[in-house]
Amino acid sequence: MNLINFSYLNLLFGAGLFSVLESATILNTESDAKKWLTTYNDEAGKYIYDATEAEWNYNTNLTDHNLGISIKKSNDLATFTEQKAIEANKKFVWKNFTDPLLKREFSKITDIGTASLSDEDFQKMSGLNSDLTKIYSTAKVCNKPNDPSGKCYPLDPDLSDIISKSNDLEELTWAWKGWRDASGKHMPDKYDEFVQLLNKAANINGYEDNGDYWRSWYESPTFRKDCEDLWQEIKPFYEQLHAYVRRKLQKKYPQIAFPKEGHIPAHLLGNMWAQSWENIEYLLRPAPDLPSMDITEELVKQNYTALKLFQLSDTFFKSLGLIQMPQPFWEKSMIEKPADRDVVCHASAWDFYNRKDFRIKQCTVVDMHWFMTTHHEMGHIEYYLHYKDQPISFRSGANPGFHEAIADIASLSVATPEYMQSVSLLPNFTDDPNGDLNFLMNQALTKVAFLPFGYLIDQWRWDVFSGDTPRPKYNSKWWHNRCKYQGVYPPVIRSEQDFDAGSKFHVPNNTPYIRYFVAHIIQFQFHEALCKAANNSRPLHRCNIANSKEAGKKLAELMKSGSSIPWPKVLENLTGSEKMSAKSLMAYYKPLIDWPEKRKPRAENWMGGKMSSWIV
């Protein structure tokens with residue numbers, strides 16, 4: 001679930017529209033500006049390619065040598081970026097241009113992010129970012145209970161496998177606590193220094209703090225309120241789902257004294273961060289006598305490999321009439337974890353900005369999770385492929401959430417029983433209302449369970465950036481948010497010696513996270529519009545757009561524009577509305593929302609519940 005494939009370009013380039021560099025001193029025509037942009041795009045593409053290639057080499061082989069090259073190339077890019085922004089402001093009164101597209105391109109070129117820092121500060125910031133990412137990517141947990149081998153376990157696949165499959169409470173607690181001790185606990189001082197530098201760059205560029213800068217990418221003064229309104233719209237559904245899951249877990253683990261406030265122990269939900277709950281679907285199936293929707297067993301039975309998962313994903317996108325993966329993709333992607341070196345395993349999609357080199361990096365395991373992840377990452381590549389002919393400044397999603405939503409479009413179709421059966425991966429599905437409920441529950445455990453987590457991470461970071469959450473309160477505020485929004489609590493006592501936010505990749509890697517919350521809302525708007533284009537006659541949750549060239553045409557039109565058009569207009573072109581809305585999501589899940597068992601009232605109110613006993 002990660003479009004931002006490397007840290008330095010994420011640091012360098014935002015999507016904001018604010019320029020703070022020198023006022024123009026020489027008046028040139030818009031014709032001159034277009035000629036200047038031609039040269040700029042050629043030069044920028046080369047610098048970005050070099051920085052991206054160096055960062056790829058480091059991510060796929062975590063050595064000090066590769067890190068040194070990567071920092072050097074990112075510094076070169078930062079210098080180029082700053083120089084060109086200054087030049088653009090000196091040569092052109094671009095804010096007075098009459099061509100809105102030309103003005104938009106210049107506004108992006110002159111909004112340079114952390115490239116505005118001094119060379120010394122930029123190098124310090126780059127080094128801190130690399131240090132934080134390396135701590136995360138090389139962390140291992142040792143001393144597993146009842147394991148005399150002395151083996152140390154990395155997150156992927158080992159600790160993730162334990163959290164997702166084990167029923168042993170001692171083992172689950174060991175993995176949960178051990179991961180946080182090995183990763184986040186080593187980060188807070190470095191992270192605090194990193195935050196100060198990010199804020200310094202934001203201030204130079206005219207923003208109140210780095211959170212203000214990140215929010216500017218959505219080009220809306222009401223963005224924060226809009227997100228809160230969306231959360232309030234879907235919160236009752238999440239509360240119902242949470243209460244149902246809690247009741248089931250209480251039955252499974254009677255030896256645990258669940259807190260009276262109504263929270264769930266975070267290590268019992270089948271995911272290291274409790275961000276999705278599909279791994280405990282077997283406990284939660286509305287019709288438990290029917291077969292599981294999990295296709296892992298079938299994938300293994302049919303001898304699927306990582307490569308075969310990628311080929312199947314490529315076939316799905318080709319069936320829509322979209323662009324197939326180019327040959328360099330197959331030659332250069334890292335689709336399995338190497339045995340001979342440390343790498344950043346977190347799945348990511350990469351655009352090398354030369355219109356021909358696009359790659360995925362992930363440590364694939366043959367199971368349903370990676371089946372879905374592969375389609376997600378390839379969705380990012382499709383977006384790259386479709387906007388590759390845009391100018392450099394427009395080679396991004398209409399807003400950051402669009403990229404993640406497009407990446408998830410495939411998942412809403414390939415998860416359907418119809419698609420699974422069409423590729424012979426779900427031979428025993430029962431097509432009746434109970435089977436439907438099982439399917440929707442599985443989808444909700446993946447997508448609805450994620451929503452508060454997708455919302456809370458940047459709520460926490462924005463408060464860190466603004467100073468509302470100072471260093472001595474990092475961990476207590478983190479658990480305040482997790483308690484308030486997710487309704488989970490830690491299985492062991494936490495303190496300010498811990499830094500549990502750092503146990504999630506996107507925090508040390510400095511990848512903004514609110515995009516995933518936005519994406520998990522608007523992907524259902526996209527899906528509904530594409531299903532209409534495909535003349536779908538089934539309920540929205542059973543719509544499968546595979547093989548629909550009309551749906552593919554609509555999707556391609558959206559992707560081709562990149563960020564050249566303000567996102568509300570792009571949304572309106574596809575859906576008929578320029579507003580983000582949860583109505584399509586609620587329509588998708590209506591049979592599950594109306595299911596009587598899930599609608600049992602809950603006795604507790606954990607939203608905002610006390611958590612003082614969990615933090616010392």
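Residue positions begin at 1 at the first shown residue.
Glycine is no exception: its Cβ is also placed from the backbone N, Cα and C atoms.
Straight from Swiss-Prot, the features:
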SIGNAL    1-23  signal peptide
DOMAIN    27-610  domain 'Peptidase M2'
DISULFID  Cys142-Cys152  disulfide bond
DISULFID  Cys345-Cys363  disulfide bond
BINDING   His376, His380, Glu404  Zn(2+) binding site
ACT_SITE  Glu377  active site, proton acceptor
ACT_SITE  His506  active site, proton donor
DISULFID  Cys531-Cys543  disulfide bond
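Structural mapping of features recorded in Swiss-Prot.
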residue: Cys142; record: disulfide bond; DSSP (3 states): coil
residue: Cys152; record: disulfide bond; DSSP (3 states): coil
residue: Cys345; record: disulfide bond; DSSP (3 states): coil
residue: Cys363; record: disulfide bond; DSSP (3 states): coil
residue: His376; record: Zn(2+) binding site; DSSP (3 states): helix
residue: Glu404; record: Zn(2+) binding site; DSSP (3 states): helix
residue: His506; record: active site, proton donor; DSSP (3 states): coil
residue: Cys531; record: disulfide bond; DSSP (3 states): helix
residue: Cys543; record: disulfide bond; DSSP (3 states): coil
Report task. Taking only the Cα atoms, work out how far Cys345 (disulfide bond) lies from His506 (active site, proton donor), in Å, as a whole number. Result -> 13
Report task. Compute the C-alpha separation of Cys142 (disulfide bond) from the residue listed as 'active site, proton acceptor', stating it in Å without decimals. Result -> 31
Report task. Based on Cα distances to Cys152 (disulfide bond), point out the closest of the recorded positions His376, Glu377, Glu404, His506. Result -> His506
**Report entry** recorded positions compared (His380, His506) - the one with the fewest other Cβ atoms within 10 Å
**Finding:** His506
Query raised in the report: Cα of Cys531 (disulfide bond) to Cα of Glu404 (Zn(2+) binding site): how many Å, rounded?
Result: 19
Query raised in the report: So how many other Cβ atoms are close to Cys142 (disulfide bond), meaning within 10 Å of its Cβ?
Result: 11
Query raised in the report: Out of the recorded positions listed (Cys363, Glu377, His506, Cys543), which are within 10 Å of Glu404 (Zn(2+) binding site), Cα to Cα?
Result: Glu377
Report summary line: For the disulfide-bonded residues listed (Cys152, Cys531), most other Cβ atoms within 10 Å of the Cβ sits at Cys531
Query raised in the report: What is the interatomic distance between the Cα atoms of Cys363 (disulfide bond) and His506 (active site, proton donor), given in whole Å?
Result: 17
**Report entry** Distance, His506 (active site, proton donor) to Glu377 (active site, proton acceptor) (CA atoms, angstrom)
**Finding:** 16
